[in-house]
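Quick look at what TrEMBL lists:
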TRANSMEM  C:6-28  transmembrane segment
TRANSMEM  C:64-84  transmembrane segment
TRANSMEM  C:96-116  transmembrane segment
TRANSMEM  C:136-160  transmembrane segment
TRANSMEM  C:191-214  transmembrane segment
TRANSMEM  C:226-249  transmembrane segment
TRANSMEM  C:256-278  transmembrane segment
Amino acid sequence: MRAFPIAIVAACYLVVPVVLGSNDYILSLVIAALTLAAIALSWALLGNLGGMVSFGHAAFFGVGAYTSALLAKDLGVPVFLAMLAGGAGAALASVVTMPALRLRGPYFALAILAYAQIFRILANQMTGVTGGAGGILSIPPLPTVFGFDFSSKLGAYLVILTLLVLGILAYKAIRDSYWGLALKAMHDSEDATRVIGVPSTRLKAAMLVVSAFMAGVAGAFNAHVIGFLEPDYAFAGTWSVIPVVAAIFGGYRTLSGPILGALVIYLLDQLLFKTLMPQGHQIMFGVLLGAMILFSPSGLLPLLTKPFARFKPAKRTPTPEKRHAAAA
Amino acid sequence: MTFRSRSLACTAAAALALLLSAGPGSATDFAIGSQIAMSGALARVGMATNEGVTVAVEMFNRAHQGRHSVKLTSIDDESNPAKAVSAIERMAPDVQAFSGGYGSNIIGPASETAERAGKVYMTSGGVASELVKRGLTNFFRINNGEGYSRALVGLFGDLDIKSVAILHSTKDATQEVAHQVEDGLVGRGVKVSTHAFDPAISDFKPVLHKVKVLDEPDAIVMIGYENDYVGILRAARVMQPKVKLISGVWSLATGKMANDFPELMQNVVGTSTLPYPVAFTDPEAQEFAKVYKELYKKAPDYLGVFGYVQTKLLLDAMLRADEAGTLKQPGGIAAELRRTATETLIGPVRFDERGDNPEFTHRMGQHQGKQVVLVWPEKAATGPVKFPATPW
Amino acid sequence: MSELVLQSLYAGLLAGGYYALIALGLTLIFGTMKVINLAHGEMVLLAAYIAYTAESVYGINPVLAIPLAVAAVVLTSVMVYGLVSRIRQDRELNSLILTFGIGIVLTNFVLMVWSADIRSTNVPWFNEPVVIGEAFYSTSAQVLFFLAGLGLTAALWWWLGRSWYGRALRAVASNRNAAMLMGVNPRTTEVISFVIAGLLAGIAGVALYTVAVIHPDLGHNLTIKAFVITVLAGLGSIPGVLVGAMLIGVAEYMTITLASSALQELTGMVMFLLVLFIRPSGLFGSRGRVG
């Protein structure tokens with residue numbers, strides 16, 4: 001059962017570059033979709049494991065982007081190192097948002113959104129550091145390592161793919177660890193877990209840090225690929241909303257749902273809808289979202305796997321393997 | 001059902017267009033791309049600019065019928081830098097140059113992508129000085145922030161205005177032009193106070209109240225967008241600060257504003273390329289207005305004029321490059337553009353090493369009755385300035 | 001300086017009434033169905049554009065266009081309910097995506113029908129100055145819709161607390177099955193809450209058109225503002241909406257007066273966070289009502 005995901009990843013590394021390698025446009029769409037997928041994954045980690053729905057992942061995305069861009073441009077830090085620092089910066093920013101962990105449901109969601117807005121305004125006002133509303137142009141691109149130019153479309157694709165695979169592995173490791181078990185228990189009953197000695201707030205805080213780190217690295221990656229940052233763009237609502245939509249669309253309780261969701265909605269919108277309706281193609285996007293929620297409320301993945309369900313052996317006792325298969 | 005049939009029709013049309021354009025013996029010898037906002041925050045300005053681009057292409061095709069033709073592809077960048085970049089990447093293999101873009105923040109990354117593809121990027125939508133400091137060899141623009149501030153400072157000098165309050169949006173371009181206007185005015189010994197405002201603000205009374213009580217300026221300068229101007233002018237009517245003139249920069253002294261908010265705009269001064277109603281005198285301008293009317297059933301506005309001028313200059317350069325046989329060579333079109341030195345609908349244009357137009361100076365227009373009268377500089381003026389004069 | 005502060009206090013309170021008007025519809029649905037209607041701002045905007053068409057094409061005063069705007073938005077609102085009620089699982093989360101999708105459709109519909117130009121009323125009365133004692137400045141439209149905000153908040157509060165349908169609505173919100181056993185049809189009451197929300201959004205739209213300047217991109221900002229006020233108020237608390245909206249209004253105007261408009265949103269957001277950290281379930285939310 002484990003061979004399947006590995007085969008897909010291998011195909012992503014080997015087949016996709018061969019097929020799309022020469023088409024910069026398609027590759028750049030795929031890169032943008034995978035960037036959204038990375039945020040969607042980080043959002044789903046917080047939502048699925050931490051039980052917290054955030055409306056403001058742009059906060060972490062933007063902080064990561066600015067940290068990395070400024071380190072690389074102003075201090076000459078190597079880009080890959082700067083991206084790591086971008087993740088760290090976002091993780092640090094998540095510490096500032098921790099008072100929000102006391103809040104639940106929409107209150108938490110909106111508090112994080114408020115943080116994203118606050119960070120945006122600060123980036124606008126701190127002109128000395130961030131360049132203010134004018135933003136930063138000509139951010140150093142991804143470097144050339146061992147003769148391979150990562151700033152090319154193919155290079156960027158391989159970088160974001162690798163980041164995504166690392167993200168999935170980290171997510172999976174956490175989910176299957178003692179922590180993951182504790183978090184799942186916490187989901188079922190927070191009070192009960194508190195009684196038996198699971199430090200629920202600390203666990204949630206840890207998930208927030210991990211999620212922020214992932215979103216921050218995605219932001220840093222995007223900054224070096226696009227080569228440009230401004231507060232309105234780095235902290236734009238799109239970075240908060242589209243990943244949520246993508247994750248739920250794909251099925252946010254699964255590992256691959258958010259990624260599939262991001263790829264499908266972004267590529268459908270940009271490749272198909274935009275060609276059919278150069279103006280107002282977002283309408284079709286909106287209709288698609290609505291239809292999805294009404295006809296397959298647990299996301300795209302169950303919709304895709306349903307036809308195959310009957311070929312599976314009787315499902316009386318869900319085995320661990322099965323859970324993995326569904327999740328992957 | 002209509003939705004479905006419409007999308008079917010769209011598909012069919014797209015397929016047909018594809019067949020036609022790819023067919024052998026096609027007469028197309030030039031192709032340019034326009035990446036511009038048709039949705040999102042910049043949709044209005046983007047679409048207006050793109051209309052000018054389209055008119056320029058249409059006029060070129062009519063003028064060179066049988067000998068040359070140019071094909072224009074326009075892609076919506078959704079007011080988003082990343083989508084602007086992918087729009088450029090999508091068009092790059094099929095076009096020889098780009099004419100479009102609105103917003104310095106979107107033009108920045110888009111033009112860098114065009115530079116990597118070795119294609120000329122021509123625009124009128126980005127005034128930030130950063131844009132021409134990047135060392136790009138294929139970036140050109142016909143206007144810049146300095147041109148706006150020069151005109152405003154020039155008029156204020158002639159009117160002998162001693163103190164000014166600048167109200168500006170915290171957006172990128174507005175902030176930059178505000179600084180340039182401030183520097184220009186301070187350089188002439190004018191007392192300046194500035195008030196930044198959030199782009200989402202709708203009630204400007206507290207800002208105007210501060211201007212009225214604390215600054216007491218001779219004139220107010222508004223640097224923002226149309227919705228800001230309407231908000232500021234409404235607040236000013238309520239607060240009635242004792243000023244002699246209210247002025248601003250782009251999107252203000254326009255026919256659209258004269259039509260949509262006639263009461264509010266009286267005596268307000270702003271940068272303007274054309275008087276309104278447009279009184280075109282030279283044949284090119286008349287032809288432009290005629291074709292514009294044919295295609296869009298309305299009179300051109302200043303964004304359309306900019307879009308037209310930038311595209312016309314680009315097409316002329318491409319034509320020259322074609323004759324010289326350098327059209328498809330790297331840097332061929334850029335080299336021809338650098339030789340441009342001509343009079344246009346927006347005044348003289350030439351390009352320096354950085355692709356900027358050092359000749360660019362705006363004119364100033366004033367809302368008088370239902371018209372916009374050009375009042376500065378003297379040689380372009382169509383009437384005298386009313387001063388002191390306020391909208392109330 | 002003191003006159004500036006007094007004026008901004010006054011203007012902030014006025015703005016609060018108007019903000020409350022924009023938030024009420026969202027609060028009602030959030031309070032009764034735990035559904036956050038992310039298309040709320042777009043519905044308000046739709047009403048504003050209908051008022052614009054009524055004025056510019058037919059010369060109808062925007063206030064008289066309210067029935068027209070309300071009819072269109074109520075219809076939209078009921079359609080939104082029709083879709084939301086079809087969600088079979090995880091309604092709280094999935095309704096976000098659904099209404100977000102509806103919001104996108106509405107925004108682009110507005111863009112296609114009315115173009116991206118900015119619009120606002122040209123009827124002079126709305127922007128006539130109303131100056132009280134040479135000290136407090138406002139416009140007729142601001143005063144009118146401040147009063148409308150107060151009146152509608154009070155009416156909604158009374159309706160929810162006193163009328164049969166209002167009480168039925170609250171009963172369905174707190175325990176759907178128990179309410180059904182008591183002979184309340186939950187679907188009817190839910191439809192009614194969407195109708196009322198549409199009505200409120202329709203009036204808010206006309207307020208928006210006369211008080212401010214509209215453009216198609218505005219809907220999203222309105223939703224966020226309404227949502228912030230709703231959360232600040234405490235889940236479903238109607239008087240909380242008015243208090244929260246006025247708090248936001250005064251904070252914004254004070255920031256402009258004492259510092260700069262560039263910081264007004266910052267103050268709003270910081271204040272929002274502080275209130276939540278001190279009272280995690282909002283100003284008027286009781287702990288048990290937190291969802």
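Glycine is no exception: its Cβ is also placed from the backbone N, Cα and C atoms.
Unlike curated entries, TrEMBL annotations are predicted automatically.
With a cut-off of 8 Å on Cβ pairs spaced 6 or more residues apart, the transmembrane segment (C:191-214) and the transmembrane segment (C:64-84) reach 3 or more such pairs and are scored as touching. When each of C:64-84, C:96-116, C:136-160, C:226-249, C:256-278 is checked for Cβ pairs under 8 Å to the transmembrane segment (C:6-28), C:226-249 comes out on top.
Tertiary proximity for the transmembrane segment (C:136-160) is limited to same-chain residues at least six positions away from its ends with a CB under 8 Å from its CB atoms, namely 6-7, 10-11, 13-21, 24, 28, 63, 121, 125-130, 166-167, 169-170, 196, 200, 203, 207, 210-211, 238-239, 241-242, 245. Outside the transmembrane segment (C:64-84), and at least 6 residues removed from its termini, the chain residues within Cβ reach (under 8 Å) are 25, 33, 35, 37, 39, 43-44, 46-48, 50-51, 54-55, 91, 95, 98-99, 102, 106, 190-191, 194-195, 197-199, 201-203, 205-206.
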